[in-house]
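Quick look at what TrEMBL annotates:
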| type | residues | note |
| --- | --- | --- |
| BINDING | Glu156, Asp223, Asp226, Asp397 | Mg(2+) binding site |
Amino acid sequence: MARLCPIYTSHTVPLKPDSLSLSTAKPAPPTRVGGGLRCCLFGPSSSADRGLGLGLSREDPSSLSEFSMETARLLGLPRVEEGERSRELDVAVRVVQMACSLCQRVQSGLVGRHREQITSKDDDSPVTVADWGVQAVVSWLLSECFGNENASIVAEEDAYTLSRKDATTLLESVISVVNECLSEAPKYGLEGPSKPLGAQEVLDAIRNCNSTGGSKGKFWVLDPVDGTLGFVRGDQYAIALALIVDGEVVLGVLGCPNYPMRKEWLNYHQRYYRLMTMLSPPAHGSWHKGCVMYARKGSGVAWMQPLVHDFAEFDWQSSSRIVRVSSIIDPAFATFCEPVEKANSSHSFTAGLAHSVGLRKQPLRVYSMVKYAAIARGDAEIFMKFAKAGYKEKIWDHAAGLVIIQEAGGVVTDAGGCPLDFSKGIYLEGLDRGIIACSGPLLHEKIIKAVDASWDSSSL
């Protein structure tokens, strides 16, 4: 069984990277957290390890160790909330890691083959077995870990298509990948089902993601496969999970299975890599093919780790690292991202903006919320999206990425400079023209001014 070291440590204020060593911690074997069992985020909380242990359970979410409670008191942190958010982030990262493994398996057998595993929604965007599979897995695990009352989820997919009589084969494929994924839960420190889920249980898990969000209470936001077109083409996509409390995003996790840990590996075309992998499988961990990024609001730090699925052994202490936004402030050296699809964004307007502020590099057009990941870890500096008339942005396309960029040191607002509003339901209501994410305030201010200067002449 793979060992999982701590996902979230007690450094809840910005710290220098060299002060974040966990070398004194005694790694604990993965502890199941489903079904009300205790979740050990920091290793054993025995007297010998006092200060490293944070044992949390569904029955007692505020059960911080004495050291952690004293630390929270000295830092002026709300004690119970600290325990709740830490455990929620811990579980969310593990769940997204599992979702990445499910998607990798489906994608490896989907691209170029098994076209029956792809269907279409009413808006003609492709939906694969992975979309429903991830939604079912995440829904089931969050309910097991936190109880149905604390696992309210806003998610993109519904079970209507899968419930039709002519969808038997499709449903069987979804059930298969869900159970295969859940069978590996102990590897990620989670508790899987005692027996494989049946058709009704899988459908119920998908249907349970029926929250409509709002300004009050706590709910999760899930995009099971963000960038489905990228997914079916063997390109970039993301699994995005965020937690919203009283209309505010408090934590976010982005799983990017095709976004390598090291920037220089982006130059290798994904299909070429996949072909070479089939011919000569690399040793576990030799490629760092994908990554998971995560952050908690107010922590002042964002993290990146490789995929557990890509490794025979997972050593948290040597493989996780802090990510920070780029320090570039000169537009001439900055890279900006924009959506690949032209259907819901204006490439011509962003191109004009880029020229007006002095951006000289070719845009990085990438599917999904991987654009947010690129900015958070310094691979790009600017993300601009200006939707065409009639298109409404959904909260699941932005929530997780927003908090990760912010905690990595970046800025995300609408084109008027106002914060994005996640309190109005499933849409970002009141959005001023578009969305702008930047690595820092200087670039952000330049983009805002350029939008103001050129908007009246646009056709948006």
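Residue numbers in this text run from 1 along the chain shown.
Placed from the backbone N, Cα and C atoms, the Cβ positions cover glycine too.
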Least buried by Cβ count (within 10 Å) of the binding-site residues Asp226, Asp397:
Asp397
Tell me the Cβ contacts of Asp223 (Mg(2+) binding site) under 8 Å, same chain only and six or more apart in sequence, or just say none.
Ala155, Glu156, Ala238, Ile239, Ala240, Met369, Trp396, Asp397, Ala400
From the centroid of the CB atoms of Glu156, Asp223, Asp226, Asp397, the recorded Mg(2+) site, which same-chain residues not already listed sit within 8 A by their CB, in sequence order?
Leu222, Pro224, Val225, Ala240, Ser368, Met369, Lys394, Trp396
Give me the count of other Cβ atoms within 10 A of the Cβ belonging to Glu156 (Mg(2+) binding site).
22
